[in-house]
Amino acid sequence: MSQSTPQPIASPVEADTPPRKSRSALFVQGAIWGFVVLELIFFSVAGRFLSVSDTAFLDLDNMLLLLKQSAPIGIIALGMTIIMINGNIDLSVGATFALSAIVLLDSMTWPFMAAMGDWAIPLAWLFALGTGVVLGAINGLIVWKTGVDAFIVTLGSMLGYRGLVFMYNGEQPTSHLNWTLVDFAEAQFLGLHTATWFLLGTVLVLWLVMTRTVHGRNAYAIGNNREAAVNAGIRVGPHFLINFMLIGFLAALSAVVFYSESGSVNPNDGMLYELWAITAVVLGGTKLSGGYGSIISTLGGVIAIQLLRKGLGYIGADTETVNLVIGLILIAVLFLDRQLNRKGSEELKI
Amino acid sequence: MTALTKAGIGGLLARQGILVAFVVFMIVFAIANPRFIDIDNVSGVIRSSAILGVMALGVTFVVIGGNLDLSVGSMMSFSTIVVLDLHDTLGPTLAIPAMFALTLCLGAFIGFLVGYLRLNSLIVTLGMLSAIHGLTLMWSGGQNMDIADKWGTWFGFFGRGSIAGVPVPILMFALAAVVLSLVLSKTPFGRKVYAVGGNGTAATFSGVPRARVVFMTYIISAACVATAGLMQASRSLGSQNTVGQGMELEVLAAVILGGASLLGGSGTIFKTVIGVLILGFIQNGLLLIGLEFYVQYVVTWVIIILAVWLDVAAKRSRLWSPIA
Amino acid sequence: MTQPVLRLEGIVKTFPGVRALDGVDLEVRPGEVHALMGENGAGKSTLMKVLGGILQPNEGRIYIAEQPTVMTSPIEAKGKGVVFIHQELSLADELTVAENIFLGELPRKSFGRVDWARLYAETDAILSQLRVRFDARTRVGDLSIANQQMVEIARALTVDPRAVIFDEPTASLTDAEKSVLFDVIADLQKKGVGIIYISHRMEEIFRITDRISVLRDGSYRGTLVTKDTSEDEVTQLMIGRSLDLSRNASHHELGEVALEVRGLSCGHLYRDVSFNVRKGEVLGFYGLVGAGRTEIAETLFGLRTPDAGTIRIDGKEARITSPIDAIRQGIGLVPEDRKGQGLVLGMNCRDNMTLPQVDGLTSGPFVSDGAEIEIFDRYKDKLDIRTPSWRQTVGNLSGGNQQKIVIGKWLSMRPEVLIVDEPTRGIDVGSKSEIHNLIRDLAAQGYAVIVISSEMPEVLHVSDRIVAMYSGKVMREFTSEEVTEDSLIQAISGIVPDRAA
Amino acid sequence: MTRTLTAALAATTMLTGAAMAQDTMIIGITQNNVGVDSYQTTYEQAFIAAAEANDAVETVVLDAGGDVARQIAQMEDLIQQQVDAIIIWPTNGEAVIPAVRKASQADIPVIVTNSNIAEQGQDFIASFSGPDNITQGQRAAEIMCDKFKADGIETEAKIVQISGQPGYTTAIERAQGFEERLPEVCPDVELMETQPGDWNREKSQQVMEAFLTKYDDIDGVYAGDDNMGVGALNAAKAAGRAGDITFVGATNFAVGYDAMAAGEYWGSIYQSPVDDAEAALQTAIDVLNGEDVPKLNYFDTPKITQDNMQEFDKPVF
């Protein structure tokens, strides 16, 4: 009997780095950026023939605008990524967005706030963000304490929060135009718009959270194999709660960024945002079943959608084409993703 | 002994919780406003719930089969617009089968993607929600679609007619519910839907053609949508392109209220009908006691959470979830 | 005598309507490997959950190093030195080896950041202790099942444990891996760690344990010293009677060849496989996990597409591209994963049993209740399925009864060939022998039966002939007369015997 | 480096832009929600047709799909593409003001169409072109009141209102005009309840069904447009109570016109999307040509009832 001598393989402990991606993951996560590049090429070329505009699609200013315009859905989609990695879903973000916006704009008209002048602005932001966190916490607590599936819980609160939006101010829009706030929101710093800074800042922070912190890694573990996480002593409930509070916060942040600039919210605003956010997250390759996904790829998904809208408008596509193309591209990407991840002929036919 | 009785009540609540809630709810509203249980009002509510209801019947199949269908609202707009347009070009006798054929094609496409290609149903039907809306706008050119000669057609029968004093939409809803209930609970196909939704792999290992079963659930859903579109078109003899917009979530809410699990494998047609009626009566009841329409959103929220909570609590026989 | 590392005293745990544990005592000494045995449902897993902090006992005490202790969560238990290694893999396969090993206790730096340097350093230390050959940064999903099991075991070593509980740790390990595991256990023993070892495999129990405690029906039946007892004695304690595991070749005449497979290949899963099985015969397939046995069964059942080869049923060439084809041509498959593949757990007993033939049980367009109940009742009696009613949800039955439902499902179809994959996996000893007898009976009734198993006693017990597989190839075929344990082990380990045939 | 590149790009685009401006003017439009009803669709078609008929004009036609964020993005895109003028059909009369200001800061004249933006934004627009929705509401109240007077029930009549999509300026203004004017002309008529019908015929039909159950006595229905008015009419017909009720709508749709011809529907406000679109385009062209354009450029939307409907063509939508 030849006894193979045990050879302990010590992996070289490199600097303080998070786990590296396997090659297939890198390929799949890179795919969305490939798609973005494809769109850019297509619209630049098609735009030459179809657009009445004289400015090029790839104009730097246009690309900066692209980032800025991606911000409202983008910030929400980033939060949705975490929720989905965690194995949940949140359909109520659109309503949370609207309710936070109402608090933001209405609070500035409260007498004591009005008396504070422009100092009311940061306080109004705080109120709006607080609203988002509270609404998220309600979802999180219900999911945690009742054990009802997040899809159902947030489908319910999507209706419920929207009801609250209407109850706040009837069917009237809530408005407060503050030019200081608008100027801040429209400002450009180092060429990037305020909204872009918020978007990129959120990307950076959430990327760090998901790749470097214990909370982030536990969120992956819970979404990946909840029972294993529970057995390993990870308290699933508080992580759910934190992540729902986080997405509530981000929906509110999105509202803060957007309504600082626009100053008026209709009670219907933010409808369908949840669906766009989920679309962006899925385009970015995050698994609906949880446990797998990346913040950076979601950014790619958000940009891909915004680029599609912008580009279709640029080449003069009409409403029906835009709807048809966006719907079919979503399905096509899902199909491609599946083909790329197939195991080939040895797969079990179940 | 008392524990046993308690368990008995708990068991009843668990099994028929939604029915109990429905009865309690009706009694409370009837006391608040006796007109609520007026036969005209009741028949009115059922009639206006019929369209949503027929769609919910189809989605029940999809959900029990373990999938979702978010495209039904958009598809219903499509059917309505198509049948109205074809009514004036082909005549009503040809328009109805033609519309059914086209709608079933859409259902078959979704069924193919979800059943045979195994793509995620949430995303597929989300994509189709948008794509079908595009198709509808292309078909209609974005115009409202109205039948030219509203007084010279029998087409209004499905939405406005009545047989022996009972409005036709109610009859169609009831007929669809009975037929589909039999299909789901009594036929081999119905059994397979439960098996595929309950454990698709085990169903495959038992020789159940999983892909075909899923495909068929979407065909049934599309057929229900087409029926709903027919009722809708017939009822108003004209329509906007957005007539079904947002209904997918109402439909889903009704199915969930009825207690179908989104994981698949459970739910019944009867319970879905109760879910539909609850939604319809909430809306009507709140209007009757003079509350604004949006209060119904909040009430629906609370009722959905409570209903589903009660259901899962009964299944695990404890109120609060075991999540640490 | 040293004080025990762990002692349970009069543990009682009740669930609504059930007394799952009824005053159980257990004592584990330092450096001891203590086997815990009992049939499924005897209360082993409940006891371990109590010990692991997942469940709280209603009565009784837990002492760790003679200190009375209350543990309210797995993490608390681990903190007190009691570590649980689960039977079913509970790993997050998208995460790395290191993250899985330290799941729930990732080392932290400021601001809740993960201390990666420390994480990898500690992981490497543990992995080298286990002598495994994969990197701490590998994604767990990319590892083989056996390596994943090693990750599971590595988890126990992140703390200085006082007591480690192994629940069926060898279910998916090769012999080489098993011996590494046993080395690890020996190392732990040397450090004075107490070990609770749960297994149904007698050979392992007698190879590595010092004492054996037995549970039956939730109560403690006694502790035996391993070297002073016998398999028979343990079995008797567990089930109250002894178990027949003798060779059991058929005494009846064999019939025609029911199934003949020639040169079947499927990718790198298996190559050039040929065998046949006659009516009235039990053909055993023995080999390690991953040797290609299950994959052959799945191919015969239409779930995999072979690259080459022919399948003949009753002498006629069969084309099988789906389970429906397979069923139509008389093949039934009792799959290895009972809960995942065999049953729709949320459906009732009757509906599960009649599922493959529900199309044929109709009167008019509807399923005939009467026909279904008749079939169910017939096989309920025949297989002695213990359930109050056909309405019972299958998920509520015991493992043995669930398996009988799956077997009944195929018997009621009257198949030409019945394939049974791991017939007794996760089934307690008592039901095990029932199922073995059942398989023998089926053969006696003229069915052709293929049994796939990883348990040598089982294969030896039920088979008339045995096909030994190694790494996708048929190594050798044995008749029950010629087979010996040694030759079988050699064959499935890839050692080609000097055949003078 | 980047800066010089952008500068160079900007310079070339400005050059070509200037060169182009001599022969054609590029006008961008961002509409509210095309396809949601015939009015908006017909508007778009009429706008495109009018622009094609005019060789001096090229257009960039965008649709915000009812989403204010998308509309603001489209405003930014149009500014970035350096169109010569922007026409906006606001999704929200206030939220678009900063975007409108941005256009005006970029020296691009903005023409608001169909539904005006709020007071604070008036400094930044070149003109508003569209119907006067408050006046429309007032006129509807007058139509309703006149009919009640003719029927002799102006002292006891009870009515309900079905308003447009909550939050949209047009809906708010029409309801406001109606609710302000009614007590002035018919002080004894009681408006019992208002519910939104979301510009949706089906929704309106459901709302009306509930009203019919709730109130035994309904003498009149004011609907924010004919689409909803016909929905209400359908509900009343189904309940057999259409004959007792005076239906008044706004934005006369073809279905409303037909119902009027059939004697089931009393009156509405005649408002053509073709006029609306052409007026908006003409206003933009006038502004670009440096002509003097009034700040509020209403096109006339007269009353239409069964009595005078022969003076009007049947609407095309």
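Along the chain as shown, the residues are counted starting at 1.
Here the Cβ of each residue, glycine as well, is placed from N, Cα and C on the backbone.
What TrEMBL lists as region 'Disordered' is A:1-20. As annotated by TrEMBL, transmembrane segment applies to A:26-46, A:66-85, A:92-113, A:119-143, A:150-169, A:189-209, A:240-259, A:321-340.
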Criterion met for the transmembrane segment (A:92-113) and the transmembrane segment (A:150-169) (at least three Cβ pairs under 8 Å): yes
Residues of the parent chain within Cβ reach of the transmembrane segment (A:150-169), under 8 Å, 6 or more residues beyond its termini: 83, 88-92, 94-96, 98-99, 102, 106, 135, 138-139, 142-143, 240, 267, 271, 274
Segment-segment contact (the transmembrane segment (A:66-85); the transmembrane segment (A:321-340)) at 3 or more Cβ pairs under 8 Å: no
Per Cβ pairs under 8 Å, the stretch of A:26-46, A:119-143, A:189-209, A:240-259 packing most closely against the transmembrane segment (A:321-340): A:26-46
Distal contacts, the transmembrane segment (A:189-209) - CB-CB under 8 A, six or more residues away: 64-65, 67-68, 70-72, 74-75, 78-79, 81-82, 215-216, 250, 253, 257-258, 260-261, 295-296, 299
